[in-house]
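**Q** The structure under discussion is supplied below as C-alpha cells; questions concerning it will follow.
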C-alpha cells in the first residue's frame with residue numbers, strides 16, 4: 001500500500017453566514033473599489049433576477065455582469081460605484097448577500113527562490129517504482145523513518161504501485177503552468193485564462209512549482225497524472241475572488257465533460273470571503289476532491305478562506321524535522337500537515353529549471369498528488385470517503401508544535 005508519511009488530520013470548521021451589505025470591510029483582502037459579487041438565494045436564477053430589476057436599477061444590467069456557473073455559485077460579479085444602487089440591490093428578496101470582489105495574495109514563501117539542479121527519475125519496469133536521491137519531502141512521505149536527514153542521498157521515494165495517478169486529472173488553480181518544462185512531459189492542458197490584467201503562461205512561477213509537487217516526474221507525487229492548468233492568479237501573484245470563482249466553474253464543467261476522476265488544488269487564500277467559500281463548497285458538493293493551502297499567517301485557519309470550508313482538505317506545512325513551520329496556520333480547519341519548507345520543484349527559467357519555495361502552498365499539492373494516487377490505485381471515492389481514507393492511514397506520533405491534536409500519515 002502507498003500512502004504518505006506526512007499528513008496530520010483534524011475536523012473542519014463551518015464557513016459561517018454571508019454578509020448583508022457591501023459596506024463591511026474584509027480583513028486580509030485588498031478590495032477593488034467598484035467590483036462586487038452578488039449571491040442569489042436558492043430558487044432565484046440570474047435570468048429571473050435581471051428580468052425583475054430591468055428598468056428599475058439601470059446600472060445593474062445582465063450585459064455588465066460576469067455570470068458564474070450556477071452549479072457551484074448562484075450569482076454574478078458586477079462593477080458599480082453607486083452606493084444607493086448597491087443598497088437597493090442588497091434589499092431585493094432574491095439577493096442573499098453582496099460582498100466586495102477581493103484580491104488575495106497567493107500563499108507567500110518563507111524564503112527566496114533558489115535555482116539548482118536535481119537528479120532525474122529512474123523507474124523500474126515492474127509494479128514497484130523507485131526514484132533515487134529523492135528530495136527530503138518525497139523521502140518523508142514514503143520511508144519508514146518519520147523524516148530523513150538533510151541530503152540523505154541513500155534514501156529514495158518508493159511507490160508500491162507504479163500507476164502514480166495515471167488516469168486522474170489534477171487541476172492547478174494558480175498562476176499558470178510552464179508546460180514546456182520537462183517535468184510535465186506533455187501532460188499539461190490549459191484552460192482559458194481567468195486572471196485579469198495578465199498574460200498567458202506562468203510569469204509568476206508559483207503555479208508551475210505547485211504543479212511540479214503534485215505531478216512532476218522529478219519532484220511530484222502523482223508522476224503520471226494529467227495536469228489541468230487553470231490560471232486564476234495574476235502575473236503579480238494576486239487572485240480576485242470573482243476570477244477564482246469563474247475558474248472553479250469552468251473546472252467543474254470540464255471535469256464533468258471528461259468523466260475522468262479529478263482533484264482540485266488551490267494553493268491560495270487569505271482573509272474571509274463568503275462568495276469564495278460558497279463556490280469552493282460547490283466544488284465539493286459536485287464530487288470534486290478539493291485540496292486547499294491552510295495559509296501562512298500563524299493564525300487559526302477558521303478565519304481563512306477557503307481553508308475554513310467544510311469538506312475541503314486544508315493543508316498546513318511542516319519542516320524536515322516534523323515541526324510546524326512558524327508561519328503555518330493551524331486549528332480545527334486544518335485537516336492535514338505535509339512537507340512545506342525548502343521544497344524543490346519546477347521553475348520557469350527553462351525546461352529543466354528548478355526553484356526552492358516554502359509555505360502551505362507547497363504542502364497542499366503533496367496531498368493533491370496523494371489523493372490522485374489513491375484514486376488511481378484504489379478507485380473513485382466521494383470527497384468525504386477520501387478524507388476518511390486519508391485519516392485511516394494516519395499516525396499521531398510524528399508532528400510537533402501543531403497547536404491541536406493531529407496525526408501523521410504513513411506510506412508503509
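Backbone N, Cα and C define each Cβ position, glycine as well.
The structure displayed is predicted, hence computed values, not measured ones.
In case it's useful when we look at the structure, here is the feature table from TrEMBL:
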- 1-20: signal peptide (SIGNAL)
- 165-388: domain 'Peptidase S8/S53' (DOMAIN)
- 174: active site, charge relay system (ACT_SITE)
- 206: active site, charge relay system (ACT_SITE)
- 361: active site, charge relay system (ACT_SITE)
**Q** I'm trying to understand the geometry here, so how far is the Cα atom of residue 174 (active site, charge relay system) from the Cα atom of residue 361 (active site, charge relay system), in Å to the nearest whole number?
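**A** Computed Cα spacing between residue 174 (active site, charge relay system) and residue 361 (active site, charge relay system) is 10 Å.
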**Q** Around the C-beta of residue 361 (active site, charge relay system), how many further C-beta atoms are within 10 angstroms, looking at every protein chain?
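**A** I get 31 for this one.
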**Q** What's the CA-CA gap between residue 361 (active site, charge relay system) and residue 206 (active site, charge relay system) in angstrom, rounded?
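**A** Computed Cα spacing between residue 361 (active site, charge relay system) and residue 206 (active site, charge relay system) is 9 Å.
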**Q** Can you tell me whether DSSP puts residue 361 (active site, charge relay system) in helix, strand or coil?
**A** helix
**Q** Across all chains shown, how many C-beta atoms besides its own are within 10 angstroms of the C-beta of residue 174 (active site, charge relay system)?
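**A** Taking every protein chain into account, the count is 30.
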**Q** Just counting, how many other CB atoms are there within 10 A of the CB of residue 206 (active site, charge relay system)?
**A** 28
